[in-house]
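J.: Reproduced below are the annotations present in TrEMBL:
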type	residues	note
REGION	1-50	region 'Disordered'
COMPBIAS	15-33	compositional bias 'Polar residues'
COMPBIAS	41-50	compositional bias 'Basic and acidic residues'
BINDING	Leu330, Asp331, Val332, Gly333, Gly334, Gly335, Leu336, Ala337, Val338, Asp339, Tyr340	substrate binding site
DOMAIN	631-684	domain 'Arginine decarboxylase C-terminal helical'
Amino acid sequence: MAKQSIGPAIRNGTAAEQSTEQSTASVSRSDQAAPTAATRQETDRQEEKRRWTIEDSEALYRIQGWGEPYFSINAAGHITVSPQGDRGGSVDLFELVNALKLRNLGLPLLIRFSDILEDRIQRLNACFARAIARYNYPGTYKGVFPVKCNQQRHLVEDLVRFGKPYQFGLEAGSKPELLIALATLDTPGALLICNGYKDREYVETATLAQRLGYTPIIVLEQVEEVDLAIAAARKLGVKPILGVRAKLSAKGIGRWGTSAGDRAKFGLTIPEIIQAVEKLGAADMLDCLQLLHYHIGSQISAINVIKEAIREASQIYVELAHLGANMKYLDVGGGLAVDYDGSKTNFYASKNYSMQNYASDVVAEVKEACEERNMPVPTLVSESGRAIASHQSVLVFDVLGTSDVLPELPEPPHEKDPLVIRNLYETYQSISVENYQEAYHDATQFKEEAVSIFGFGYLSLTDRARAERLYWACCAKILEIVRQQEYVPDDLEDLEKIMASIYYVNLSVFQSAPDSWAIDQLFPILPIHRLDEEPTRRATLADLTCDSDGKIDQFIDLRDVKYVLELHPLKRKEGDGTQSHEPYYLAMFLNGAYQEIMGNLHNLFGDTNAVHITLTPKGYQIEHVVKGDTMTEVLGYVQYDSEDLVENIRRRTEQALQESRITLQESQLLLQNYERSLSRYTYLAI
Ligand SMILES: *Cc1c(COP(=O)(O)O)cnc(C)c1O
């Protein structure tokens with residue numbers, strides 16, 4: 001998939017790409033006598049290596065593209081978080097994580113920056129305010145937050161509080177979410193949009209909420225709901241505010257494209273809308289119908305799709321008014337996208353418009369449609385979830401270990417060595433820019449030959465090992481050349497993937513980034529420290545689960561995606577002679593929307609620890625700590641009682657003791673570990 005729309009970001013990005021290539025070049029190694037020009041180049045590359053700077057890291061990981069103005073790199077090579085951009089303070093993420101670890105908050109750790117949430121709400125409202133001013137729109141904007149996007153109590157409470165100055169409301173898509181919204185929203189004049197499938201109880205509760213001072217709007221999504229709403233109104237003697245959700249013919253593209261269109265799951269077709277209008281008219285309730293709603297899908301990457309939808313909806317809106325409905329609100333749903341890869345294109349992980357473009361297009365289109373028909377304009381409502389909640393949370397996790405393909409320089413073979421080994425060595429020696437593709441095929445063929453001869457008993461195990469090592473040495477040498485080519489031949493495209501290191505991370509993809517597993521969603525991932533060092537390894541990430549899908553092997557890139565991520569080699573811990581290494585922390589960004597609630601307990605890895613951080617003039621403050629699941633908790637979800645479990649093990653150790661299969665000391669150690677584990681975090685403590 002080629003990304004379109006070349007903007008300033010692309011130009012930045014090209015610089016990024018170049019610098020990536022330079023960084024690649026800097027690790028290249030040549031053990032052949034090289035001509036002078038090449039030697040000079042080599043020296044330049046060495047130079048380059050020494051000069052790796054935080055700017056190189058910035059360009060490589062494209063932080064500005066997706067993270068502006070919240071994330072950047074400081075002089076120490078650490079990620080810093082500036083919740084209000086350059087208008088406020090910042091916090092060093094690496095130091096924050098260390099400080100939280102000292103407070104016994106282990107990794108993986110979800111850090112929520114409440115100030116970023118506040119900034120997102122301010123930004124969205126400011127964009128609409130600016131558009132309203134620019135187009136002289138004689139109406140207002142009142143947004144709502146779709147609770148389904150992140151239902152965590154602290155977050156929804158913060159949201160309501162931050163939204164007060166803008167009369168920002170909530171959107172519920174189910175009965176439990178309605179309960180949350182009713183209990184949390186206390187902003188006078190803010191809207192409570194009631195979407196989703198509804199039964200009598202839902203409709204009655206929402207209708208009665210008016211009596212408590214809310215402004216609930218019941219959005220009719222199914223024809224049957226019209227009768228429910230009429231019945232509830234009669235029974236309760238309350239005139240509800242009603243809306244209809246239209247199935248637009250304008251379709252989103254990409255992942256969520258099927259949320260719209262005639263066969264979409266939700267909403268009323270045009271004939272059904274007419275039917276609803278007639279029913280409401282017959283019940284003398286047409287004045288209750290005040291809102292038109294649509295939602296064409298999430299993460300709409302292309303602005304033209306958004307425009308097309310708003311144009312169609314505006315016409316439906318004015319037509320409904322003509323049919324006698326008391327139209328006051330136009331709700332454009334969600335879909336405002338997040339630029340996960342920072343490419344500013346219509347790629348599915350990006351968007352080719354800004355929040356301001358979005359607001360301006362909505363305001364301008366609606367105004368034009370109403371003016372043409374001489375109609376008062378509606379109060380504009382949007383239900384942006386992803387665009388509000390994504391940026392505020394950062395998931396930090398550590399690397400447990402790596403598995404690398406690190407070929408050593410091969411020893412020249414003896415004359416009496418098997419022919420296949422001599423051939424492989426010769427191939428290795430011959431590899432050059434002129435013949436690397438051919439050399440790759442030769443090396444592959446010789447390796448296959450070695451396996452085949454081994455199968456017939458003509459090659460020793462040791463020699464087979466040598467053959468394989470030589471093969472990897474060839475691949476490594478060829479890869480160095482491939483990385484410097486503008487064009488990579490098809491058959492060599494996988495080489496980078498084959499040669500990639502595997503970094504084992506203390507994380508469950510199924511719990512913390514379910515969309516990465518389920519729908520290949522991309523999130524920016526990078527180290528939060530050592531950014532002043534060149535990341536010389538190319539890696540994919542493997543998680544803690546025993547599932548081969550528990551991995552991340554697609555990463556953001558300027559063009560399409562990349563299949564390996566540049567990371568630093570782990571640093572051995574000085575002195576203690578064990579396998580342990582210095583902590584190496586990675587973070588996944590922009591995952592504050594949808595991921596937490598859709599995460600599952602695969603392999604019984606539970607919720608991660610979460611903290612809410614706000615910045616203060618002196619630094620930061622920990623607002624809330626939400627401890628992740630303990631093993632007792634996750635076992636409880638699948639109906640195990642921890643006391644029963646302990647009792648069971650106690651019985652078995654007693655038996656083993658009686659049969660002298662275990663010492664008293666050993667049995668105590670076993671029981672202690674077992675019991676202690678139950679109250680512990682489900683992730684690894686390193
Ligand atoms: C999911 C959903 C939203 C939120 O969409 P985003 O793309 O996250 O902004 C809004 N409205 C409805 C009806 C939804 O189902």
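In case you wondered, yes, glycine gets a Cβ from its N, Cα and C as well.
Since the structure is predicted, the reported quantities are computational estimates derived from the model, not experimental observations.
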J.: With the Cβ under 6 Å from ligand 1 as the test, give me the qualifying entries from the binding-site residues Leu330, Val332, Gly334, Val338, Tyr340.
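T.: So the answer is Gly334.
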J.: I'd like to know the mean pLDDT over the domain 'Arginine decarboxylase C-terminal helical' (631-684).
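T.: For the domain 'Arginine decarboxylase C-terminal helical' (631-684), the model's average pLDDT rounds to 96.
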J.: Does Val338 (substrate binding site) have same-chain partners at least 6 apart in sequence with Cβ under 8 Å from its own Cβ, and which are they?
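T.: Looking at Cβ-Cβ distances below 8 Å from Val338 (substrate binding site), excluding near sequence neighbours, one finds Gln299, Lys351, Arg386, Ala387, Ser390, His391, Leu590, Ala593.
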J.: For Leu330 (substrate binding site), what is the secondary structure by DSSP, using just helix, strand and coil?
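T.: Assignment for Leu330 (substrate binding site) reads strand.
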J.: Count the residues of the domain 'Arginine decarboxylase C-terminal helical' (631-684) that DSSP assigns to helix (H, G, I), to strand (E, B) and to coil, and report the three numbers in that order.
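T.: So the counts come to 39 helix, 1 strand, 14 coil.
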